[in-house]
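Quick look at what TrEMBL lists:
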type	residues	note
COMPBIAS	364-376	compositional bias 'Basic and acidic residues'
COMPBIAS	385-397	compositional bias 'Basic and acidic residues'
REGION	364-397	region 'Disordered'
TRANSMEM	6-25	transmembrane segment
TRANSMEM	30-49	transmembrane segment
TRANSMEM	55-78	transmembrane segment
TRANSMEM	85-107	transmembrane segment
TRANSMEM	119-137	transmembrane segment
TRANSMEM	172-191	transmembrane segment
TRANSMEM	211-228	transmembrane segment
TRANSMEM	240-259	transmembrane segment
TRANSMEM	265-289	transmembrane segment
TRANSMEM	301-319	transmembrane segment
TRANSMEM	331-353	transmembrane segment
Amino acid sequence: AWVSSLSMGIVFFCSPIVSIFTDLFGCQKVAVIGAAVGFAGLLSSSFVSTIEPLYFTYGVLFACGCSFAYQPSLVILGHYFKKRLGLVNGIVTAGSSLFTVSLPFLLRVLIDSVGLYNTLRVLCILIFILFLAGFTYKPLVSNAKDKEGGKKGKFRFRPEKKICNFSVFKVLSYRIWALGIPAALFGYFVPYVHLMKHVRDRFGDSVPEEVLLLCLGITSGVGRLIFGRVADYIPGAKKVYLQVASFFFIGLMSMMIPLCHVFGGLIAVCLFMGLFDGCFICIMAPIAFELVGAQDVSQAIGFLLGFMSIPMTFGPPIAGWLRDHLGTYDVAFYLAGVPPLIGGAILCFIPWVHERQKLKERAKPIDGETTEKMLENESTMASDTTEKPVKEMESGF
């Protein structure tokens, strides 16, 4: 459990570092190198016979590779798509839902037939496909400076302020977003981690608990496709309202889990939870593009994913601690529904704040133009006054 928890935490914790490398070297190189590191970590894990080396091979090395391969896949979409960015993100992220549904059954068959170590080697094939896919991450438009650097064959490091682009935090709407998302995630992942154990505690082995994962995966994929398309019709930062709705329903569904004394009720809860989970995930990148723009989106997503690692790491263990002390998951699920509601309430301020920022930015160029015109008028007046005596002297002479 600690190996898998460490792996998930490292994937998101490395995201700010990945964003810096993405800005420096581009999406293609970072994705390819990340997939290669992930391949090495997973392959080396298949030859480990004790758990201690797994902390490094799987918990650190494989997780770092996944982190470096994952984030460029979100950033590169903005280079190719503008008008249909929401739909494209929905289609791309729906792939993970497809594997969420199918991979557990495939893994069970593989482990039973060839064992754990050979199963890890089979999974290396998927990572190798990811390695090949990384070569397709070619941005359509490149900066003139990058072209010049490529012609000279030398790479120039950017100034320190540009390498760590903390300027995204100057955008108030982004700061609110970076606060509200982690605040909501303290309870967001609790059902995903502890729901199966709760079902076994309440219903025993008489119900097929895998059906709940199937429901979550299917409706999450459907939600990503539907809400990704819907997001394209919502202008600007108002896309955040989709995340507000997703947090509201997920928090409400978390609180309803202890109230379900029939397995069919849990199925209904998981169907709704998966649908709005897909809504939350598919519009992460479109919202980042709206708040900070295409130039800063890489590090904006990176910082946000880094902040997300904190609640993802500590939220589920706290719920487990409550279960150990209280003997039931009921209180843990009730409390898990509170942070998404709070986070959603925080996000409600973003569209209003973002509109005010845009009005201020529109006013700044106007003021600049008026001052430039005033300076131009002063310079022309000064030149006229100096030219007149010269002309008079020339005519007199």
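Backbone N, Cα and C atoms are what each Cβ position is placed from, and that goes for glycine too.
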(request) Tally Cβ pairs under 8 Å between the transmembrane segment (240-259) and each listed stretch (6-25, 30-49, 55-78, 211-228, 331-353), then give the stretch with the top tally. (result) 331-353
(message) Give the nonlocal contacts of the transmembrane segment (30-49) in its own chain as ranges (CB under 8 Å, at least six residues past its ends).
(response) 18, 21-22, 57-58, 60-73, 76, 117-118, 120-121, 123-124, 127-128, 130-131, 133-135, 137
